[in-house]
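Undergrad: The following feature annotations were taken from Swiss-Prot:
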type	residues	note
BINDING	His130, Glu134, Tyr136, His169	divalent metal cation binding site
Amino acid sequence: MTQTDPAFQNLLAEFQALHAREPALAGFVALPDSLTPQPVTPVRIPPAALMESDPDLTTTAYAAIRDAFIAAGAVAQWRLTYQGSRLGADFMDRFACYCLIGEGGPFASDSLAAYVVYMPAGLYYPFHQHPAEEIYFILAGEAEFLMEGHPPRRLGPGDHVFHPSGHPHATRTYDRPFMALVLWRGDLETAPVLTYPEGEI
């Protein structure tokens, strides 16, 4: 039987409570009656420390889940999605993401995946896409979200943005960092790819 780290158990409880009280999350995907625990091999990356020590991840309503994501980061399998792509060391050393539900996370589900994404101030996450439908729910800080065919949107805590399947989107921070809960539904297996692998015009 898989023993789940208490930090992950606390994070799951905070996630379930947030999902129950936020219509945008509950309307995007239902939570299954039970989640399957699975073992996690911790992987540490440089931006994990940035997230843990960032003094500007300000939030009021979402401080509990923000702190739970930070605490569980110590035992998480941080992701290296864009390793080997055109995104260089500066991006890889500052963009942070790990999974709560899904591949590499402490819990498995066939119906959804759940991640935390962190970007410090002054970082651009280029246009990318994936078959999964996605919602970003901002927990702390602020970021600008771009989606092809739509005007940019600057979002803060409690705001959300939906990304349709296969639709290119990007994220930029300016003078503040941000942290978001990210949920996927649909194709949970196919990783994101850069829309313009050779570089944006």
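Each residue, glycine too, has its Cβ placed from N, Cα and C.
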Undergrad: Look at the binding-site residues His130, His169 and tell me which residue has the greatest number of other C-beta atoms within 10 angstroms of its C-beta.
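TA: Answer by Cβ density within 10 Å: His169.
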Undergrad: I want the residues beyond His130, Glu134, Tyr136, His169 whose C-beta is within 8 angstroms of the mean position of the divalent metal cation site's C-beta atoms, in chain order.
TA: His128, Gln129, Ala132, Ile135, Val161, His163, Val182, Pro192
Undergrad: Which ones in the same chain are close to Tyr136 (divalent metal cation binding site), with CB under 8 Å and 6+ residues apart in sequence?
TA: Val117, Phe145, Leu155, His160, Val161, His163, Thr171, Ala180, Leu181, Val182
Undergrad: Would you count the other C-beta atoms found within 10 angstroms of the C-beta of Glu134 (divalent metal cation binding site) for me?
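TA: The answer is 22 other Cβ atoms.
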